[in-house]
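According to TrEMBL:
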type: DOMAIN; residues: 73-277; note: domain 'MacB-like periplasmic core'
type: DOMAIN; residues: 311-431; note: domain 'ABC3 transporter permease C-terminal'
type: TRANSMEM; residues: 9-26; note: transmembrane segment
type: TRANSMEM; residues: 32-50; note: transmembrane segment
type: TRANSMEM; residues: 71-91; note: transmembrane segment
type: TRANSMEM; residues: 304-332; note: transmembrane segment
type: TRANSMEM; residues: 353-379; note: transmembrane segment
type: TRANSMEM; residues: 411-428; note: transmembrane segment
Amino acid sequence: MQSKWKNRLVNLLSVVLLAIGLAAWIALPWTLLLPIAALLAVWLVVTRSGRLSLAAARIGIATLPQRWGSSSVIVVGIAGVVGVLVAMLAMGQGFQATLNNTGDDSTAIVLRGGSQAETNSVITRDLVPLISNLPGIATDANGRPLLSPELAQVVNIASKSDGTDVNAQLRGVGEQAWAVHTKVKLVQGRHFTPGLREIVVGKGALNQFRGLELGKTLTLGSQQWTVVGVFASGDAHDSEMWTDAQTLATTYNRSAYQSITARTAGKPGFAQFKAAMAADPRLKLDVDTTRAYYGKQGGGLNKLISILGTVIGAIMAVGAVFGALNTMYAAVATRAREIATMRAIGFRGVPVIMALMLETMLLALLGGLLGGLIAWAVFNGYTVSTLGNNFSQVVFQFKVSPELLWSGLKWALGIGLVGGLFPALRAARLPITTALREV
């Protein structure tokens with residue numbers, strides 16, 4: 001009875017240590033994994049046990065075509081895990097990259113004190129002249145401050161994919177908006193005329209929503225609006241439609257702005273502008289760079305997607321591990337006499353274990369490469385949209401980066417490590433005489 005509990009305790013401790021080791025393996029950066037791989041390669045080439053391991057591994061790898069059915073279980077299972085994991089994380093990374101690319105460190109966004117987003121920010125019109133006179137704001141050739149009072153209105157527009165109404169953002173901007181938002185470039189048509197119900201649509205919005213083609217007329221706020229231009233910015237503004245702020249305020253009975261965006265005189269100008277804002281008791285407002293503001297807007301969703309992707313990947317990884325265990329146990333049982341013969345002629349426990357581990361890791365590597373390739377081919381650059389913090393659709397692209405592919409490979413090799421370890425230990429412990437008698 002005591003021996004039984006001792007074995008259970010040892011098995012439980014082994015599983016815990018293996019889980020900790022696997023988590024550490026996945027968390028290790030490539031700068032630490034490369035030296036580990038280099039040390040393993042040196043051991044395989046220089047030491048006698050390493051050379052025996054390579055020789056035994058060649059024998060096992062040579063028989064893989066004869067076991068392609070069972071071997072493909074490992075490859076396909078791990079490819080599925082890596083593909084799903086990379087695709088999920090690519091969605092979060094693409095969304096975050098779109099927001100991180102919005103704005104820069106020389107453009108300031110002003111919100112009401114304590115507001116985390118434009119939706120709950122209110123800036124009264126009488127504050128605009130006070131803000132425009134603060135030091136640090138850049139000016140145009142005529143000496144006018146580069147400042148754009150803005151408000152955002154969520155409107156319903158039909159989606160191109162299925163025709164259902166979805167939320168889109170109609171942004172009212174000031175006359176200097178095109179000089180303030182330097183990444184926004186007109187690619188078709190012309191700018192809207194202040195005072196007229198004209199809109200310029202982002203390229204992402206044009207591709208995502210119906211009825212936004214150049215020259216089309218659409219109904220927003222019980223009024224007719226004409227599309228007169230298309231702009232591209234490569235960031236979150238691509239999902240928006242722009243119009244004159246005063247015209248938008250009149251249409252929707254908006255008496256105040258939600259934010260003010262200002263172009264500052266570089267980083268020193270931003271620091272000067274922020275200090276002047278804090279020093280004026282009349283301005284109970286918060287100021288941040290547009291890069292920092294938009295970067296924070298996607299943090300929560302990116303974190304949620306990363307957690308979900310990791311959890312789903314972990315659940316699938318458990319299935320892949322059991323598939324690898326089943327396949328390798330079957331391989332060990334099938335090759336019991338072969339393994340026993342190798343041990344009888346001088347291949348000791350370590351070379352046998354390493355040979356089976358190398359075989360499993362090779363299959364895992366193939367599965368990881370296949371899953372990463374499929375994820376990159378299918379999802380990289382794939383355009384989707386989701387609700388942003390302003391309750392409107394943000395169009396973004398999946399981003400399958402080299403870092404994500406590397407992470408997927410680490411998951412694949414980790415699964416292969418776990419899936420091959422226990423069958424390899426069993427093969428090394430199997431009594432030679434017993435194995436030689438098996439048919």
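Note: Cβ is positioned from N, Cα and C throughout, glycine not excepted.
When each of 32-50, 304-332, 411-428 is scored by its Cβ pairs under 8 Å to the transmembrane segment (71-91), the top-ranked stretch turns out to be 304-332.
Across the domain 'ABC3 transporter permease C-terminal' (311-431), the model assigns an average pLDDT of 79. For the domain 'ABC3 transporter permease C-terminal' (311-431), residue counts in helix, strand and coil come to 92 helix, 10 strand, 19 coil, using DSSP.
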